[in-house]
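Accompanying notes for the structure given below.
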Amino acid sequence: MMTDAVSNYGSELRPRICVVGVGGAGGNAVANMIEHGVTGVEFIVANTDAQALNASPVERGIQLGREITQGLGAGAAAEIGRAAAMESLDEIVAALDGAHMCFIAAGMGGGTGTGAAPVIAAAARARGILTVGVVTKPFGFEGRRRAAAAEEGLAALTPHVDTLIVIPNQNLFRVVSPSTTFRQAFRMADEVLEQGVRSISDLILMPGLINLDFADVRTIMLSMGKAMLGTGEASGERRATDAAERAINNPLLDGAIRGARGLIISVAGGEDMRLMEIDEAAMRIKDEIHPDANIIWGSAVDPALEGRIRVSILATGIDGETATAAADQLETPAAMPFAASQAAPVAAAAEIAVSRSTAVIEPAEPIAEAAEPVEEPFYEVQIAAPWEDGYAATDTLVLAASDAVTVEGPRIDPAAAFFREPRGSDEGLILVQPPAPAAPAFAAGEFGGGRPVHKAVAAPLRGPSLLQRLSMLARGDGGRGGHLPR
């Protein structure tokens, strides 16, 4: 009985590490890891393509945007990938529940990976999960448009991950031979993710001479920005130094570890591995990083490595880059504030008109009779019931009847945008708006698709946003149903 109790107790304390493959490239990377026998982690695939999900060996799959894409993919449109992830946010959050660390694998430049990965990363990080992005960039022959889409995807993903590892597919030409097949080349890129996941899970979960706990890994990776992974293996008299050199000089990754602020070193070998060799490997790597870098290392004996030494490194905070914490931002994943300017006077603020460049609250039927004027008429919209976006039943939105709000920037997604009124400030109402335009099917559907995340509860929201309810109240339906304005 005591043995069973100790075993169960240890199982509960074991950190849960998830690997989420997003889109086609991410799904393929996860499938290759399963094929190579990576253990100690849980695999999840998320895709808008139902056919690809059904073909995946992963047991847990999430079909993103069932209503938006109908299982047919995102059509290389990142905005559709993002809207699909927002539609499936409840399912994403449920899959991540209880995780301590999450690797998000995706290919940048397409639709699902580019658009959905930032949403999934934001959902994970908002719940305190250590979030690591491992993404690929397109080949040069894929054209400028796809390259530009990849850069936009990276810019959207970066604020929502603690550590980001970027693998340019173009670098595969550095390591392939004329006889290398297309499938073999992509597996080389997938091995970078595999090496990182395997080395970290082994350090934490496998018994060794010098073990690391999850807190050690979190210290090195939390909010550290750009990172590099490398693994080297060698035999012979200089096997420790040679393995360290190969780990440092990973040809698939751009840049070097010079200046890194955090470093995890894993040294593994057979029973014949000597203490001096561990020192040689560590000192060679230490020469490349910042003198004040935080270094943690572990070592394990693996009988399968008899005569060889394997060195794995994870360098973070390269070039002094660190990720910006987004935990206190009250906005939807990948959202950003837009500047507001005064528009022409209108009779009442009510209806939402959507165009490619602006969104204007235009006049509609008056909400109610105007209150007693002070300096100018105001309209008060009383929220009839509590909603899950941080507003209580007694909260009131006050809009000036003489002002319409014009928002500068991309097209408004009415299902995701919302107003907030900063407490104790004179800023007034602020419109928070995602940078990418919404998919047409998303904008034309029933209410319930948009789920802003409130920083206090860090959970997906249900029901219309405040901006939607304002529009519905203007049409007299009580703010509880109806269609989005066309």
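Any Cβ shown, glycine's included, is placed from N, Cα and C.
Listed in sequence order, G21, F186, D190 are the same-chain residues six or more apart from N28 (GTP binding site) with CB atoms under 8 A from its CB. DSSP assigns N28 (GTP binding site) to a helix in the three-state reduction. Taken from TrEMBL, the feature GTP binding site covers G24, A25, G26, G27, N28, G111, T112, G113, E142, R146, D190.
Marked as domain 'Tubulin/FtsZ GTPase' by TrEMBL: 16-208. Per-residue pLDDT, averaged along the domain 'Tubulin/FtsZ GTPase' (16-208), amounts to 91 for this model.
According to TrEMBL, the feature domain 'Tubulin/FtsZ 2-layer sandwich' maps to 210-327. Look at the domain 'Tubulin/FtsZ 2-layer sandwich' (210-327): DSSP puts its residues at 36 helix, 37 strand, 45 coil.
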For E142 (GTP binding site): intrachain residues, at least 6 apart, with Cβ closer than 8 Å: G109
D190 (GTP binding site): tally of other CB atoms within 10 A of its CB: 24
For E142 (GTP binding site): DSSP state (helix, strand, coil): helix
Largest tally of Cβ atoms lying within 10 Å of a Cβ, found at which of the binding-site residues G24, G26: G26
Chain-internal residues, separated by at least six, CB under 8 A from T112 (GTP binding site): V22, G23, G24, A46, N47, T48, D49, L64, G73, A74, G81, A84, A106
